[in-house]
Amino acid sequence: QYGDYGYPYQQYHDYSDDGWVNLNRQGFSYQCPHGQVVVAVRSIFNKKEGSDRQWNYACMPTPQSLGEPSECWWEEINRAGMEWYQTCSNNGLVAGFQSRYFESVLDREWQFYCCRYSKRCPYSCWMTTEYPGHYGEEMDMISYNYDYYMRGATTTFSAVERDRQWKFIMCRMTDYDCEFANV
């Protein structure tokens, strides 16, 4: 299933049940190794600990056809307590996340770490269903389709539950260079 990548799904980078990248109420910065992109997002919610979540991510190398990332950057901050929609600018793919927790809002601000691959362009984009399915539930998003890449997300925020639901924006990438600055 993941033959293009040269190693099976079980060997995702740092992806295990107990390997959280943050403690509750704690900020974190997570970046995939160079040349890899985020392919899985896992999270558990804890109402008693500030209605916060612990997070874990998995990365996978992009296929050789995409080449090496030509540049990487942190996107604009998405504010705590707000609903938002963001894709990586400049046709970038998501290769990491950065987040800070705000006690006053019982929520987090978010930033995507994005990498651009030469002049490749996204197409055939779609949005996943909500993760988690209901506020407060465990979240486990795995991209089983290895020719689709995460380009961003849209989130809703519940003022009652103080939790967020995510829909991830997944796209294919062209096999050729194209001239569009941003899609």
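Here the Cβ of each residue, glycine as well, is placed from N, Cα and C on the backbone.
Residues or ranges marked as pyrrolidone carboxylic acid by Swiss-Prot: Q1. Per Swiss-Prot, the feature sulfotyrosine maps to Y5, Y144, Y146, Y148, Y149, Y176; the stated evidence is sequence analysis. Positions annotated as region '2 X 53-55 AA tandem repeats' by Swiss-Prot: 8-117. Among the features that Swiss-Prot reports, repeat '1-1' is placed at 8-61. What Swiss-Prot lists as disulfide bond is C32-C59, C72-C114, C88-C115, C121-C178, C125-C171, and the listing cites similarity to another entry. Marked as region '3 X 6 AA tandem repeats of D-R-[EQ]-W-[NQK]-[FY]' by Swiss-Prot: 52-168. For 52-57, the entry in Swiss-Prot reads repeat '2-1'. Among the features that Swiss-Prot reports, repeat '1-2' is placed at 62-117. Here Swiss-Prot flags 107-112 as repeat '2-2'.
Mean pLDDT for the repeat '1-1' (8-61) in this predicted model: 86.
Minimal Cβ crowding within 10 Å, among the modified residues Y148, Y176, is found at Y176. Between the listed disulfide-bonded residues, namely C32, C88, C171, the fewest other CB atoms within 10 angstroms of a CB are found at C171. In the shown protein chains, 10 other C-beta atoms lie within 10 A of the C-beta of Y144 (sulfotyrosine).
The recorded positions near C125 (disulfide bond), taking a 10 angstroms Cα-Cα threshold over the set C32, C115, Y144, Y148, Y149, are Y148, Y149. With a 10 A radius on its CB, C72 (disulfide bond) counts 17 other CB atoms from all the protein chains. Counting residues per DSSP class in helix, strand and coil order gives 3 helix, 29 strand, 24 coil for the repeat '1-2' (62-117). Among residues of the same chain six or more beyond the repeat '2-2' (107-112), those with a C-beta under 8 A of the stretch's C-beta atoms are 51-53, 74-81, 84, 86, 88, 94, 96-101, 152-153, 155, 157, 162, 164.
The Cβ neighbour count for C114 (disulfide bond), using a 10 Å radius and every protein chain shown, is 26. Comparing C-alpha positions, Y144 (sulfotyrosine) sits nearest to C59 among the recorded positions C59, C115, Y176, C178. The repeat '2-1' (52-57): residue composition by secondary structure is 0 helix, 6 strand, 0 coil, according to DSSP.
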